[in-house]
């Protein structure tokens, strides 16, 4: 019983991995209302040159629905807002959906239409996402761009008096020299040097003490080693 259960679990795992590997990939298109979806699906000339091609939509829990299909003598086919063009010489199916609406959002695919057989999927599936183009955004962007261009002139006008005024330039040096020549500043400088000298002296004492302690330890060790060699 254990072996059968183990084999069953392994088989289920193998099947799930196989389905995941064979799952078709999707390509996402994000467009706004009124725009046009333009998709080109390649196919093998030798195998599907004379076959019919179709554009399908896939809804959850339903079979793929054919929205438009080419005829055997290939000509541009239009069904509503969907236009299909089959280029036999290049092995290419050109799909266009004009004047997109939010309701057009969904999963689509190009297929080789060969009923009663299952359709052969061409290219990657198309995940179409259509959003509403808000009319307020262009107006807001237009109002914001003049403000951006107005800021540089205001900054340059504010900076020009600072560079051209002679008073600000002549007043700055006397203040700086007077501050440096005051005795208070000299006292502060001596205080700073005193503060710096104290830790240096302490560090010298610590270093000398370290050397003395190391020399004492070395002499003790040397005496012990000599004593050990003496019979």
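Just so it is clear, glycine is given a Cβ too, placed from its N, Cα and C backbone atoms.
Given the structure is predicted, the values throughout are model-derived calculations rather than measurements.
Swiss-Prot has this to say about the protein:
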COMPBIAS  134-157  compositional bias 'Polar residues'
COMPBIAS  164-182  compositional bias 'Polar residues'
DISULFID  41-110  disulfide bond
DOMAIN    26-131  domain 'Ig-like V-type'
CARBOHYD  188  N-linked glycosylation site
CARBOHYD  191  N-linked glycosylation site
SIGNAL    1-20  signal peptide
TOPO_DOM  21-202  topological domain 'Extracellular'
TOPO_DOM  224-231  topological domain 'Cytoplasmic'
TRANSMEM  203-223  transmembrane segment
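For the domain 'Ig-like V-type' (26-131), the predicted model reports an average pLDDT of 94. For the domain 'Ig-like V-type' (26-131), the DSSP-based tally of helix, strand and coil residues reads 7 helix, 60 strand, 39 coil.
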